[in-house]
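Accompanying notes for the structure given below.
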Amino acid sequence: MSTAVINADDDHMEPTLQSILDQRSLRWIFVGGKGGVGKTTTSCSLAIQLAKVRRSVLLISTDPAHNLSDAFSQKFGKEARLIDGFDNLSAMEIDPNGSIQDLLAGQGENEGAGDMGGVGGMMQDLAFAIPGIDEAMSFAEVLKQVKSLSYETIIFDTAPTGHTLRFLQFPSVLEKALAKVSQLSSQYGPLLNGFLGSNGTLPNGQNLNEMMEKLETLRATISEVNTQFKDERLTTFVCVCIPEFLSLYETERMIQELASYGIDTHSIVVNQLLFPKPGSDCEQCTARRKMQKKYLDQIEELYDEFNVVKMPLLVEEVRGKEKLEKFSEMLVKPFVPPQ
């Protein structure tokens with residue numbers, strides 16, 4: 001089921017993410033869940049803890065909302081950049097739609113889809129007609145870049161649940177894309193040759209041969225990384241949720257789908273927990289805590305083989321390096337409610 005590191009004499013899973021820090025072989029860590037449950041705060045905090053015990057860590061946001069810049073109060077882009085105050089923790093934010101646009105729209109920076117010739121436009125239409133191709137290309141480009149940068153551990157702050165799970169199918173998506181393009185080029189080869197110059201150039205200056213070579217390179221990279229994703233020594237997925245029905249439902253669906261893809265998951269972070277003091281006269285707090293406890297009990301019963309980390313609801317936003325560092329401590333040292 002999982003490779004969580006626990007002592008043989010333990011009769012339960014530790015309620016922390018310490019096992020992830022201890023598992024030195026891990027290279028890819030995904031943090032995902034329903035929107036608004038604290039994925040970004042959790043992924044940033046986990047990255048901070050990992051940076052203490054790893055040579056180099058890269059945090060990548062694949063969520064179009066791009067909250068990393070907000071979390072660290074520092075602007076990030078599509079190039080990896082060191083986070084202020086760290087010498088071994090970098091971050092980057094990628095546009096899920098950007099990579100395929102770059103690949104298909106020609107070489108010039110100002111060349112958009114509107115400048116493309118008929119065949120180039122047809123290629124773009126074909127590419128976008130394949131479900132999930134935008135995310136697939138985006139991740140392929142990132143993975144290619146990550147490979148050349150040789151970070152010890154890479155953490156993905158993923159888009160909300162549906163997008164995350166769709167991304168995990170991207171190796172087969174790209175395989176299908178390449179098959180379709182190859183089929184078209186064989187079917188319409190003579191026709192395409194009429195449009196192309198002697199060096200394979202389309203009317204808009206695009207080079208079809210170069211584009212096909214680039215796709216093939218990406219496919220090889222994706223195939224290699226896909227094998228790593230299914231290796232529990234190298235990859236794990238951290239589920240983030242809050243103690244409410246919809247979030248619990250999404251988490252269960254996600255864990256089942258991760259299992260079907262062969263991707264390891266053995267950690268759940270439950271955010272926004274209320275801990276009213278005994279005898280508190282706050283009726284709303286007590287009522288909400290009762291509801292939360294019902295779902296928290298279900299989580300602990302359903303996932304008794306998981307590291308379930310309980311994180312408190314805080315009185316202020318977790319933004320900036322200092323607050324994130326403080327929050328991150330609770331991922332490795334269980335929170336003790338004030339008595």
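We number each residue from 1, going along the chain as drawn.
Each residue, glycine too, has its Cβ placed from N, Cα and C.
Among the features that Swiss-Prot reports, active site is placed at Asp63, with the record citing sequence analysis. For Asp63 (active site), the Cβ neighbour count at a 10 Å cut-off comes to 23, with all displayed protein chains included.
As annotated by Swiss-Prot, ATP binding site applies to Lys34, Gly35, Gly36, Val37, Gly38, Lys39, Thr40, Thr41, Glu244, Asn271, with the evidence given as sequence analysis. When other Cβ atoms within 10 Å of the Cβ of Lys34 (ATP binding site) are tallied across all protein chains shown, the result is 22.
Marked as Zn(2+) binding site by Swiss-Prot: Cys282, Cys285. Taking a C-beta cut-off of under 8 Å and a sequence gap of six or more, Cys285 (Zn(2+) binding site) has these contacts in its own chain: Leu274, Pro276.
Least crowded of the binding-site residues (Gly38, Glu244), judged by neighbouring Cβ atoms within 10 Å of its own Cβ: Glu244. Distance between Cα atoms for Cys282 (Zn(2+) binding site) and Asp63 (active site): 37 Å, as a whole number. Taking the C-alpha positions, the distance from Asp63 (active site) to Thr40 (ATP binding site) comes to 9 Å.
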